[in-house]
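Straight from Swiss-Prot, the features:
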type	residues	note
BINDING	172, 173, 174, 175, 176, 177, 178, 179	ATP binding site
(Lines of atoms letter the chains of each structure in order from A and count residues from 1; the text may use other names and numbers.)
(Lines give C-alpha, C1' and ligand atoms only; values in the text may rest on other atoms or scores of the structure.)
Protein backbone atom coordinates (compact mmCIF):
# COMPACT_ATOMS: atom_id res chain seq x y z
CA UNK A 1 0.00 0.00 0.00
CA UNK A 2 1.22 3.50 -0.69
CA UNK A 3 0.11 7.07 -0.57
CA UNK A 4 -0.37 8.85 -3.92
CA UNK A 5 3.15 9.62 -5.21
CA UNK A 6 2.05 13.04 -6.47
CA UNK A 7 1.79 14.36 -2.91
CA UNK A 8 4.92 12.84 -1.44
CA UNK A 9 8.47 14.07 -1.04
CA UNK A 10 11.35 14.13 -3.50
CA UNK A 11 13.22 10.98 -4.49
CA UNK A 12 10.70 8.27 -3.63
CA UNK A 13 7.12 8.00 -2.44
CA UNK A 14 6.02 7.56 1.16
CA UNK A 15 4.44 4.41 2.55
CA UNK A 16 1.89 3.45 5.14
CA UNK A 17 3.78 0.25 5.87
CA UNK A 18 7.25 -0.43 4.52
CA UNK A 19 8.48 -3.86 3.44
CA UNK A 20 12.03 -4.77 4.44
CA UNK A 21 14.42 -7.01 2.52
CA UNK A 22 18.12 -7.85 2.82
CA UNK A 23 21.05 -7.62 0.39
CA UNK A 24 22.26 -11.10 -0.62
CA UNK A 25 24.69 -10.19 -3.44
CA UNK A 26 26.47 -7.10 -4.80
CA UNK A 27 28.07 -6.98 -8.27
CA UNK A 28 29.26 -3.42 -8.92
CA UNK A 29 26.15 -1.22 -9.33
CA UNK A 30 23.77 -4.23 -9.29
CA UNK A 31 22.27 -5.66 -6.06
CA UNK A 32 20.33 -8.85 -5.38
CA UNK A 33 17.83 -8.43 -2.54
CA UNK A 34 15.79 -11.12 -0.75
CA UNK A 35 12.29 -10.25 0.53
CA UNK A 36 9.84 -12.15 2.78
CA UNK A 37 7.47 -14.50 0.88
CA UNK A 38 4.50 -12.62 -0.61
CA UNK A 39 6.16 -9.21 -0.10
CA UNK A 40 7.96 -8.94 -3.45
CA UNK A 41 8.32 -5.42 -4.91
CA UNK A 42 7.15 -4.65 -8.45
CA UNK A 43 9.47 -4.00 -11.38
CA UNK A 44 10.68 -0.33 -11.33
CA UNK A 45 9.90 0.05 -7.61
CA UNK A 46 12.41 2.17 -5.69
CA UNK A 47 14.42 0.42 -2.99
CA UNK A 48 16.39 2.37 -0.39
CA UNK A 49 19.42 1.05 1.51
CA UNK A 50 20.10 2.99 4.71
CA UNK A 51 22.81 2.19 7.23
CA UNK A 52 26.45 2.82 8.03
CA UNK A 53 29.61 1.57 6.36
CA UNK A 54 32.58 0.00 8.17
CA UNK A 55 33.99 3.49 8.91
CA UNK A 56 30.71 4.57 10.50
CA UNK A 57 29.74 6.91 7.63
CA UNK A 58 26.00 7.07 6.82
CA UNK A 59 24.85 5.32 3.63
CA UNK A 60 21.73 6.24 1.65
CA UNK A 61 21.52 4.46 -1.71
CA UNK A 62 18.40 4.37 -3.89
CA UNK A 63 18.02 1.46 -6.32
CA UNK A 64 15.45 0.48 -8.95
CA UNK A 65 14.08 -3.07 -9.33
CA UNK A 66 14.92 -4.48 -12.78
CA UNK A 67 14.29 -8.23 -12.52
CA UNK A 68 12.36 -10.71 -10.39
CA UNK A 69 14.71 -13.70 -10.02
CA UNK A 70 12.46 -16.18 -8.19
CA UNK A 71 13.02 -17.59 -4.68
CA UNK A 72 11.79 -14.23 -3.30
CA UNK A 73 14.79 -12.40 -4.77
CA UNK A 74 14.95 -9.31 -6.98
CA UNK A 75 17.81 -7.72 -8.90
CA UNK A 76 18.08 -3.92 -8.69
CA UNK A 77 20.33 -1.25 -10.20
CA UNK A 78 21.80 1.43 -7.90
CA UNK A 79 21.38 5.13 -8.75
CA UNK A 80 24.54 6.08 -6.84
CA UNK A 81 27.84 4.43 -5.86
CA UNK A 82 27.53 1.14 -3.94
CA UNK A 83 30.74 1.71 -1.93
CA UNK A 84 30.34 0.55 1.65
CA UNK A 85 27.31 -1.70 1.06
CA UNK A 86 27.57 -5.19 2.54
CA UNK A 87 25.54 -8.38 2.39
CA UNK A 88 22.81 -8.57 5.01
CA UNK A 89 22.06 -4.82 5.01
CA UNK A 90 18.39 -3.86 5.31
CA UNK A 91 16.62 -2.65 2.16
CA UNK A 92 13.31 -0.73 2.24
CA UNK A 93 10.78 -1.26 -0.58
CA UNK A 94 9.26 2.18 -1.17
CA UNK A 95 6.22 0.69 -2.92
CA UNK A 96 6.40 2.98 -5.96
CA UNK A 97 8.74 4.14 -8.72
CA UNK A 98 11.31 6.90 -8.19
CA UNK A 99 9.41 10.22 -8.08
CA UNK A 100 10.86 13.66 -8.80
CA UNK A 101 9.69 17.26 -8.19
CA UNK A 102 7.84 18.86 -11.13
CA UNK A 103 6.39 22.28 -11.96
CA UNK A 104 7.61 25.86 -11.57
CA UNK A 105 9.75 24.98 -8.52
CA UNK A 106 12.20 23.17 -10.82
CA UNK A 107 13.05 26.24 -12.95
CA UNK A 108 16.54 27.65 -12.54
CA UNK A 109 17.68 24.66 -10.46
CA UNK A 110 20.04 21.69 -11.06
CA UNK A 111 18.87 18.19 -10.12
CA UNK A 112 20.31 14.70 -10.05
CA UNK A 113 18.50 11.56 -11.26
CA UNK A 114 16.47 11.33 -8.00
CA UNK A 115 15.21 14.92 -8.31
CA UNK A 116 17.46 16.12 -5.47
CA UNK A 117 18.90 19.64 -5.97
CA UNK A 118 22.69 19.66 -6.37
CA UNK A 119 23.28 23.42 -6.76
CA UNK A 120 23.57 24.33 -3.02
CA UNK A 121 20.65 26.75 -3.29
CA UNK A 122 18.56 25.08 -0.61
CA UNK A 123 15.64 22.63 -0.78
CA UNK A 124 13.08 22.51 -3.59
CA UNK A 125 9.30 22.56 -3.06
CA UNK A 126 8.33 18.88 -3.34
CA UNK A 127 4.56 19.29 -2.88
CA UNK A 128 4.09 18.13 -6.48
CA UNK A 129 6.08 15.12 -7.65
CA UNK A 130 5.68 12.63 -10.46
CA UNK A 131 7.00 9.07 -11.06
CA UNK A 132 9.68 8.81 -13.76
CA UNK A 133 8.04 5.75 -15.38
CA UNK A 134 4.78 6.23 -17.23
CA UNK A 135 3.17 5.22 -20.50
CA UNK A 136 3.42 7.30 -23.66
CA UNK A 137 0.27 9.39 -24.36
CA UNK A 138 -2.60 7.36 -25.82
CA UNK A 139 -3.16 7.61 -29.57
CA UNK A 140 -6.41 9.54 -29.01
CA UNK A 141 -4.53 12.26 -27.04
CA UNK A 142 -1.97 12.97 -29.75
CA UNK A 143 -2.04 16.10 -31.86
CA UNK A 144 -1.59 14.85 -35.42
CA UNK A 145 -1.37 18.24 -37.13
CA UNK A 146 1.97 18.84 -38.85
CA UNK A 147 3.10 22.27 -37.75
CA UNK A 148 6.47 24.01 -38.00
CA UNK A 149 8.11 25.04 -34.76
CA UNK A 150 9.47 28.51 -35.54
CA UNK A 151 12.82 29.10 -33.85
CA UNK A 152 13.61 32.61 -35.15
CA UNK A 153 16.94 31.27 -36.46
CA UNK A 154 17.06 31.82 -40.24
CA UNK A 155 19.14 28.82 -41.32
CA UNK A 156 17.04 26.39 -39.26
CA UNK A 157 13.60 27.76 -40.20
CA UNK A 158 14.37 27.97 -43.92
CA UNK A 159 16.43 24.86 -44.70
CA UNK A 160 15.79 22.28 -41.95
CA UNK A 161 12.63 23.38 -40.10
CA UNK A 162 11.75 21.77 -36.78
CA UNK A 163 8.43 20.04 -36.25
CA UNK A 164 6.27 21.07 -33.30
CA UNK A 165 6.54 18.08 -31.00
CA UNK A 166 9.27 16.59 -33.18
CA UNK A 167 12.69 15.19 -32.45
CA UNK A 168 15.82 16.83 -33.80
CA UNK A 169 19.34 15.38 -33.85
CA UNK A 170 22.13 17.90 -33.26
CA UNK A 171 25.47 16.76 -34.68
CA UNK A 172 28.62 18.69 -33.93
CA UNK A 173 32.08 18.35 -32.47
CA UNK A 174 33.64 20.43 -29.72
CA UNK A 175 33.86 24.19 -30.16
CA UNK A 176 31.48 24.71 -33.10
CA UNK A 177 28.75 26.48 -31.13
CA UNK A 178 26.47 23.66 -29.96
CA UNK A 179 26.05 25.16 -26.48
CA UNK A 180 25.33 28.67 -27.80
CA UNK A 181 22.76 27.28 -30.27
CA UNK A 182 21.09 25.35 -27.43
CA UNK A 183 20.97 28.48 -25.25
CA UNK A 184 19.54 30.60 -28.08
CA UNK A 185 16.78 28.04 -28.67
CA UNK A 186 15.98 28.07 -24.93
CA UNK A 187 15.83 31.88 -25.01
CA UNK A 188 13.69 32.05 -28.17
CA UNK A 189 11.11 29.48 -27.05
CA UNK A 190 10.63 31.46 -23.84
CA UNK A 191 10.12 34.75 -25.72
CA UNK A 192 8.17 33.64 -28.79
CA UNK A 193 6.20 30.66 -27.44
CA UNK A 194 5.98 31.49 -23.73
CA UNK A 195 7.44 28.06 -23.13
CA UNK A 196 10.08 26.60 -20.88
CA UNK A 197 12.98 24.24 -21.42
CA UNK A 198 14.40 21.22 -19.63
CA UNK A 199 18.03 20.26 -20.17
CA UNK A 200 19.01 16.63 -19.53
CA UNK A 201 22.77 16.11 -19.30
CA UNK A 202 23.11 12.38 -19.86
CA UNK A 203 26.61 11.04 -19.24
CA UNK A 204 28.26 14.32 -20.18
CA UNK A 205 31.41 15.87 -18.71
CA UNK A 206 30.92 17.60 -15.35
CA UNK A 207 32.93 20.56 -16.70
CA UNK A 208 30.55 20.99 -19.65
CA UNK A 209 27.54 20.91 -17.35
CA UNK A 210 29.14 23.54 -15.13
CA UNK A 211 30.08 25.71 -18.14
CA UNK A 212 26.50 25.54 -19.45
CA UNK A 213 25.12 26.57 -16.04
CA UNK A 214 27.55 29.52 -15.78
CA UNK A 215 26.80 30.68 -19.35
CA UNK A 216 23.05 30.44 -18.71
CA UNK A 217 23.42 32.65 -15.64
CA UNK A 218 25.56 35.12 -17.59
CA UNK A 219 23.11 35.36 -20.50
CA UNK A 220 19.99 35.64 -18.30
CA UNK A 221 18.43 32.27 -19.23
CA UNK A 222 18.75 31.52 -15.50
CA UNK A 223 17.74 34.58 -13.47
CA UNK A 224 19.84 34.67 -10.28
CA UNK A 225 17.90 37.58 -8.70
CA UNK A 226 14.50 35.93 -9.18
CA UNK A 227 15.04 32.20 -9.74
CA UNK A 228 11.32 31.63 -10.50
CA UNK A 229 11.67 33.74 -13.67
CA UNK A 230 14.30 31.38 -15.11
CA UNK A 231 13.43 29.65 -18.38
CA UNK A 232 15.09 26.28 -17.84
CA UNK A 233 15.42 23.34 -15.43
CA UNK A 234 18.66 21.32 -15.51
CA UNK A 235 19.00 17.61 -14.76
CA UNK A 236 22.48 16.09 -14.73
CA UNK A 237 23.69 12.49 -14.62
CA UNK A 238 27.40 12.93 -15.27
CA UNK A 239 30.06 10.66 -16.73
CA UNK A 240 31.46 9.74 -13.32
CA UNK A 241 28.12 8.43 -12.04
CA UNK A 242 27.08 4.76 -12.05
CA UNK A 243 25.27 3.46 -15.16
CA UNK A 244 21.93 3.34 -13.30
CA UNK A 245 21.93 7.12 -12.89
CA UNK A 246 22.98 7.75 -16.51
CA UNK A 247 20.32 5.33 -17.75
CA UNK A 248 17.47 7.05 -15.84
CA UNK A 249 18.44 10.73 -15.88
CA UNK A 250 16.86 11.16 -19.33
CA UNK A 251 13.55 9.93 -17.88
CA UNK A 252 13.85 12.38 -14.95
CA UNK A 253 14.26 15.31 -17.38
CA UNK A 254 11.41 14.00 -19.55
CA UNK A 255 9.09 13.68 -16.52
CA UNK A 256 9.68 17.36 -15.66
CA UNK A 257 8.99 18.33 -19.29
CA UNK A 258 5.77 16.24 -19.39
CA UNK A 259 4.34 18.16 -16.42
CA UNK A 260 4.86 21.51 -18.20
CA UNK A 261 3.16 20.03 -21.30
CA UNK A 262 0.22 18.21 -19.67
CA UNK A 263 -0.61 20.33 -16.62
CA UNK A 264 0.68 23.82 -17.52
CA UNK A 265 -0.26 23.25 -21.21
CA UNK A 266 2.97 24.83 -22.45
CA UNK A 267 5.26 24.23 -25.39
CA UNK A 268 8.39 22.66 -23.94
CA UNK A 269 11.87 22.27 -25.37
CA UNK A 270 13.68 19.17 -24.09
CA UNK A 271 17.43 18.90 -24.63
CA UNK A 272 19.21 15.59 -24.22
CA UNK A 273 22.98 15.73 -24.34
CA UNK A 274 24.01 13.04 -25.21
CA UNK A 275 21.48 10.41 -26.34
CA UNK A 276 24.33 7.98 -27.12
CA UNK A 277 25.30 7.95 -23.42
CA UNK A 278 21.76 6.80 -22.58
CA UNK A 279 22.27 3.76 -24.82
CA UNK A 280 25.79 3.23 -23.46
CA UNK A 281 24.53 3.19 -19.84
CA UNK A 282 21.80 0.70 -20.81
CA UNK A 283 24.46 -1.51 -22.37
CA UNK A 284 26.57 -1.48 -19.17
CA UNK A 285 23.56 -2.40 -17.01
CA UNK A 286 22.32 -5.05 -19.45
CA UNK A 287 25.50 -7.13 -19.14
CA UNK A 288 25.37 -6.95 -15.32
CA UNK A 289 21.74 -8.11 -15.40
CA UNK A 290 22.89 -11.23 -17.24
CA UNK A 291 21.34 -10.52 -20.65
CA UNK A 292 23.03 -11.92 -23.74
CA UNK A 293 24.68 -9.06 -25.71
CA UNK A 294 23.36 -8.25 -29.18
CA UNK A 295 25.12 -6.71 -32.22
CA UNK A 296 28.41 -4.87 -31.43
CA UNK A 297 27.94 -5.75 -27.74
CA UNK A 298 24.84 -3.60 -27.27
CA UNK A 299 21.90 -4.68 -25.12
CA UNK A 300 19.26 -6.90 -26.83
CA UNK A 301 16.58 -4.46 -25.56
CA UNK A 302 18.14 -1.44 -27.35
CA UNK A 303 15.12 -0.63 -29.58
CA UNK A 304 12.64 -1.08 -26.72
CA UNK A 305 14.59 1.18 -24.35
CA UNK A 306 15.01 3.87 -26.99
CA UNK A 307 11.33 3.61 -28.00
CA UNK A 308 10.06 3.90 -24.41
CA UNK A 309 11.94 7.21 -24.04
CA UNK A 310 11.27 8.63 -27.51
CA UNK A 311 7.55 7.79 -27.68
CA UNK A 312 6.87 9.93 -24.60
CA UNK A 313 8.37 12.93 -26.44
CA UNK A 314 5.39 14.09 -28.50
CA UNK A 315 2.63 16.68 -29.04
CA UNK A 316 -0.71 16.24 -27.32
CA UNK A 317 -3.82 18.41 -27.53
CA UNK A 318 -2.60 20.20 -24.36
CA UNK A 319 0.91 21.17 -25.46
CA UNK A 320 4.07 19.88 -27.07
CA UNK A 321 7.52 18.58 -26.19
CA UNK A 322 9.99 19.35 -28.95
CA UNK A 323 13.22 17.51 -28.33
CA UNK A 324 16.73 18.40 -29.46
CA UNK A 325 19.16 15.55 -28.93
CA UNK A 326 22.89 15.74 -29.33
CA UNK A 327 24.02 12.56 -31.05
CA UNK A 328 27.56 11.22 -30.68
CA UNK A 329 28.47 8.91 -33.55
CA UNK A 330 31.11 6.36 -32.43
CA UNK A 331 34.06 6.34 -34.85
CA UNK A 332 31.88 8.34 -37.32
CA UNK A 333 30.09 5.07 -38.16
CA UNK A 334 26.46 5.93 -38.88
CA UNK A 335 25.60 2.22 -39.16
CA UNK A 336 26.53 1.60 -35.50
CA UNK A 337 23.37 0.28 -33.73
CA UNK A 338 23.20 3.23 -31.26
CA UNK A 339 23.01 6.12 -33.79
CA UNK A 340 21.10 3.93 -36.29
CA UNK A 341 18.36 3.30 -33.70
CA UNK A 342 18.27 7.03 -32.85
CA UNK A 343 17.89 8.07 -36.52
CA UNK A 344 14.69 6.03 -36.79
CA UNK A 345 13.04 8.49 -34.36
CA UNK A 346 14.35 11.82 -35.72
CA UNK A 347 12.28 14.30 -37.76
CA UNK A 348 15.19 16.64 -38.54
CA UNK A 349 18.97 16.82 -38.27
CA UNK A 350 20.97 19.99 -37.60
CA UNK A 351 24.63 19.48 -38.53
CA UNK A 352 27.20 21.98 -37.26
CA UNK A 353 30.20 22.54 -39.51
CA UNK A 354 33.73 23.27 -38.35
CA UNK A 355 34.45 24.88 -41.74
CA UNK A 356 31.71 27.51 -41.26
CA UNK A 357 32.80 28.16 -37.67
CA UNK A 358 36.36 28.74 -38.95
CA UNK A 359 34.97 31.36 -41.39
CA UNK A 360 33.25 33.10 -38.45
CA UNK A 361 29.77 32.27 -39.72
CA UNK A 362 27.57 31.64 -36.68
CA UNK A 363 25.36 29.72 -36.13
CA UNK A 364 27.68 27.28 -37.96
CA UNK A 365 24.78 25.14 -39.23
CA UNK A 366 25.70 23.32 -42.45
CA UNK A 367 22.94 24.28 -44.92
CA UNK A 368 23.58 21.30 -47.23
CA UNK A 369 24.04 18.54 -44.63
CA UNK A 370 21.12 19.49 -42.37
CA UNK A 371 17.82 17.80 -43.25
CA UNK A 372 14.17 17.83 -42.22
CA UNK A 373 11.11 15.70 -43.04
CA UNK A 374 9.07 18.93 -42.76
CA UNK A 375 10.58 20.47 -45.90
CA UNK A 376 7.77 19.39 -48.23
CA UNK A 377 5.54 21.71 -50.29
CA UNK A 378 2.32 20.35 -48.73
CA UNK A 379 3.59 21.17 -45.22
CA UNK A 380 5.62 24.38 -45.56
CA UNK A 381 3.94 25.70 -48.73
CA UNK A 382 5.26 26.13 -52.28
CA UNK A 383 6.94 29.50 -51.66
CA UNK A 384 9.02 28.29 -48.70
CA UNK A 385 9.90 25.01 -50.43
CA UNK A 386 10.96 26.69 -53.71
CA UNK A 387 13.08 29.30 -51.88
CA UNK A 388 14.82 26.62 -49.79
CA UNK A 389 15.56 24.46 -52.85
CA UNK A 390 16.97 27.42 -54.81
CA UNK A 391 19.17 28.43 -51.85
CA UNK A 392 20.50 24.86 -51.64
CA UNK A 393 21.10 24.70 -55.42
CA UNK A 394 23.07 27.97 -55.33
CA UNK A 395 25.19 26.82 -52.38
CA UNK A 396 25.76 23.40 -53.95
CA UNK A 397 26.95 25.00 -57.21
CA UNK A 398 29.31 27.27 -55.22
CA UNK A 399 30.69 24.20 -53.43
CA UNK A 400 31.35 22.49 -56.79
CA UNK A 401 33.14 25.58 -58.14
CA UNK A 402 35.40 26.06 -55.10
CA UNK A 403 38.16 23.78 -56.44
CA UNK A 404 38.25 25.69 -59.74
CA UNK A 405 38.33 29.03 -57.88
CA UNK A 406 41.19 27.79 -55.65
CA UNK A 407 43.30 26.78 -58.66
CA UNK A 408 42.39 29.29 -61.39
CA UNK A 409 40.71 32.16 -59.56
CA UNK A 410 37.30 33.80 -60.05
CA UNK A 411 38.25 35.44 -63.35
CA UNK A 412 38.30 32.09 -65.18
CA UNK A 413 34.61 31.41 -64.42
CA UNK A 414 31.79 32.15 -66.84
CA UNK A 415 29.64 35.24 -66.23
CA UNK A 416 26.77 33.06 -64.97
CA UNK A 417 29.00 31.15 -62.54
CA UNK A 418 30.52 34.37 -61.20
CA UNK A 419 27.01 35.64 -60.48
CA UNK A 420 26.14 32.35 -58.74
CA UNK A 421 29.28 32.59 -56.59
CA UNK A 422 28.54 36.20 -55.62
CA UNK A 423 24.96 35.31 -54.62
CA UNK A 424 26.08 32.16 -52.78
CA UNK A 425 28.57 34.18 -50.73
CA UNK A 426 25.80 36.66 -49.85
CA UNK A 427 23.48 33.75 -48.90
CA UNK A 428 26.22 32.16 -46.79
CA UNK A 429 26.70 35.39 -44.87
CA UNK A 430 22.96 36.08 -44.61
CA UNK A 431 22.53 32.64 -42.99
CA UNK A 432 24.55 34.01 -40.04
CA UNK A 433 22.75 36.02 -37.40
CA UNK A 434 23.47 37.72 -34.07
CA UNK A 435 22.18 35.76 -31.05
CA UNK A 436 20.55 37.20 -27.92
CA UNK A 437 22.63 34.97 -25.65
CA UNK A 438 25.86 36.06 -27.38
CA UNK A 439 25.18 39.80 -26.87
CA UNK A 440 27.44 39.86 -23.82
CA UNK A 441 30.34 38.56 -25.94
CA UNK A 442 29.77 40.26 -29.31
CA UNK A 443 28.23 43.57 -28.29
CA UNK A 444 25.69 43.36 -31.15
CA UNK A 445 22.01 42.97 -30.16
CA UNK A 446 20.38 39.60 -30.88
CA UNK A 447 17.76 39.20 -33.60
CA UNK A 448 14.67 36.98 -33.86
CA UNK A 449 13.69 36.65 -37.53
CA UNK A 450 10.19 35.42 -38.39
CA UNK A 451 9.77 32.81 -41.12
CA UNK A 452 8.02 35.17 -43.58
CA UNK A 453 10.86 37.72 -43.21
CA UNK A 454 13.46 34.97 -43.72
CA UNK A 455 11.82 33.78 -46.96
CA UNK A 456 11.46 37.36 -48.27
CA UNK A 457 15.14 38.07 -47.60
CA UNK A 458 16.44 35.03 -49.48
CA UNK A 459 14.03 35.64 -52.37
CA UNK A 460 15.47 39.15 -52.79
CA UNK A 461 19.05 37.81 -52.87
CA UNK A 462 18.13 35.06 -55.38
CA UNK A 463 16.21 37.49 -57.62
CA UNK A 464 19.35 39.57 -58.17
CA UNK A 465 17.88 42.80 -56.78
CA UNK A 466 20.70 43.04 -54.24
CA UNK A 467 23.59 42.07 -56.56
CA UNK A 468 25.14 45.54 -56.26
CA UNK A 469 25.42 45.33 -52.45
CA UNK A 470 28.74 44.26 -50.87
CA UNK A 471 28.69 40.80 -49.27
CA UNK A 472 29.81 42.09 -45.85
CA UNK A 473 26.46 43.93 -45.60
CA UNK A 474 24.75 40.54 -45.16
CA UNK A 475 27.03 39.31 -42.36
CA UNK A 476 25.53 39.00 -38.85
CA UNK A 477 22.29 40.87 -39.51
CA UNK A 478 18.66 39.99 -38.76
CA UNK A 479 16.22 40.57 -41.64
CA UNK A 480 17.01 41.80 -45.15
CA UNK A 481 16.08 45.43 -44.34
CA UNK A 482 18.99 45.54 -41.88
CA UNK A 483 21.31 44.24 -44.61
CA UNK A 484 20.06 46.99 -46.96
CA UNK A 485 20.62 49.65 -44.29
CA UNK A 486 24.09 48.25 -43.56
CA UNK A 487 24.94 48.38 -47.29
CA UNK A 488 23.89 52.06 -47.43
CA UNK A 489 26.07 52.83 -44.40
CA UNK A 490 29.05 51.04 -45.93
CA UNK A 491 28.57 53.02 -49.16
CA UNK A 492 28.39 56.32 -47.26
CA UNK A 493 31.53 55.44 -45.30
CA UNK A 494 33.47 54.59 -48.47
CA UNK A 495 32.31 57.87 -50.11
CA UNK A 496 33.45 59.86 -47.07
CA UNK A 497 36.88 58.21 -47.21
CA UNK A 498 37.21 59.28 -50.84
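For all residues, glycine too, the Cβ spot is worked out from N, Cα and C.
With a cut-off of 8 Å between CB atoms and residues at least 6 apart in sequence, the same chain places 352, 353, 354, 357, 364 near residue 176 (ATP binding site), listed in sequence order.
According to DSSP, residue 173 (ATP binding site) is assigned to coil rather than to any helix or strand.
Note on residue 175 (ATP binding site): other Cβ atoms within 10 Å of its Cβ, all shown chains, come to 11.
Counting neighbouring Cβ atoms within 10 Å of each of the binding-site residues (172, 173, 177), the lowest count belongs to 173.
DSSP assigns residue 178 (ATP binding site) to a helix.
Summarising the environment of residue 174 (ATP binding site), the number of other Cβ atoms within 10 Å of its Cβ, over all protein chains shown, is 8.
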